[in-house]
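What follows is a structure written as structure tokens; I'll ask about it next.
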């Protein structure tokens, strides 16, 4: 008995000693400091492991002494703060069977059974994201920026390509053997790692909010552009732009019943091909009027008040960072990711620059927010109907993504959920959950009705969330997670991108908001 008592006292003393060391390392980690050397970092983590093993062994000794079974279920669960900051600040993996499972079938880390995509297929997905129908607003950006607007199209392509690469670099860390391994699976996981252990979920919530805003604003833009295109295609009909937006929303209301995107995904390839055909038709028409191009209208001066709006428009047309971690994780050869990013952004830069310049040279000061509205009536109606069909078929994608983020963050986090689940035990959507989805569709309609300005909304979204997700957060996360391994020029690029992106974001947001207020007042007076 005395021997058993001395053994327990020794275990307790060792546990307290190791736990105190672990808490000291945790305190420094919470303050944002890393261990001075790799050996110390491994030592701190090892202290935590010993602490966990001692506490678990002590619990098992007590249970054995009391005659109770000593299975895994009876062991004391680990304290959240004890292992939260080890292994590069990553949180422990969720238990088996959870929806956020990171290891196993369907997980990002262990999903080897999932079919992988080639670099060409990944490039096609990125191309769809950065060369969608929002390029129709780029000539309007040249109207207020001139040659500086063209430079900004090139600059945004270079920066977004770079930040996409450094964002993927934040997914990886070196293990104890010096091997680079993937330890995170998403933008949210990177953000949480940067804020851990003091605020382990703050970064993810910030990214989720930015993502929801961008997705919902994208839905609003689809409704706005649908109403705008139909109104300008049939100006003789006694139907206003707001009425066309209501008709478009009525068509989109069944999106509230979506459980998956299988039905919609069948049309994605046709929509993308149709959009490329439309771009070619617009460029062909502009080339047919090459003799009348107004080169003298393209100047080096900028409209100080409206050029920041152009920055937001251009940045928004390049946003793809939010899904890059998932895309890279599903590639057959992740080593080809950098090459894929290079050629997709070079192609986007060339095509966007040519499209914007050629369209502006054709219509000069008469360039409208949506460039197809400048086409002659006979061509405009056909082109705009195709564009409306593409917008309506593209709407379910951001809508469904926004719904998933909302449901996961507010309704599906177990005991931490703010509201009860939207789904019943049989997997069916509850009536109030369906009501919330319908309310989201109606909200996009109301925004489209009261703020029917495509370019201003696009500039506002690009300045608010586009610059944050593409410029600010990737550079900040790169500095925070990989500071000790960065070269001086990488630090310089990250800091420069953060500063320039912050200035562009603030100025673009302020001027876009001023433009929307001014446009709203003008509409109210009319």
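Each position is counted from 1, following the chain as shown.
From the backbone N, Cα and C atoms, a Cβ is placed for every residue, glycine too.
Curation does not apply to TrEMBL; its annotations are automatic.
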Quick test of your reading of TrEMBL: among 307-327, 412-432, where does it put transmembrane segment?
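Of the candidate stretches, TrEMBL labels 307-327 as transmembrane segment.
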Given 27-68, 69-110, which one carries TrEMBL's region 'Disordered' label?
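Among 27-68, 69-110, the range TrEMBL annotates as region 'Disordered' is 69-110.
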According to TrEMBL, which of these ranges is transmembrane segment: 148-172, 173-197?
148-172
Sort out for me which stretch, of 212-231, 267-287, 307-327, 339-361, 381-406, has the most Cβ pairs below 8 angstroms to the transmembrane segment (491-510).
307-327
Do the transmembrane segment (339-361) and the transmembrane segment (267-287) share at least 3 Cβ pairs closer than 8 Å, excluding pairs fewer than 6 residues apart in sequence?
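Yes, the stretches contact each other.
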Give the nonlocal contacts of the transmembrane segment (434-451) in its own chain as ranges (CB under 8 Å, at least six residues past its ends).
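Tertiary neighbours of the transmembrane segment (434-451) are 216, 219-220, 223-224, 227, 242, 245-246, 249, 252-253, 255-257, 399, 402-403, 422, 457, 516, 519-520.
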In the same chain, who gets a Cβ under 8 Å from the transmembrane segment (267-287) while lying at least 6 residues past its ends?
128, 132-133, 135, 351, 354-355, 358-359, 361-362, 371-372, 375, 379, 383, 386-387, 389-390, 393-394, 397
Going along the chain, which residues at least six beyond the ends of the transmembrane segment (381-406) come within the CB cut-off of under 8 Å?
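Tertiary neighbours of the transmembrane segment (381-406) are 132-133, 136, 208, 211-212, 215-216, 218-219, 222-223, 225-226, 229-230, 232-234, 248, 251-252, 255, 258, 261, 264, 267-268, 271, 274-275, 277-278, 281-282, 372-373, 375, 437, 440-441, 444.
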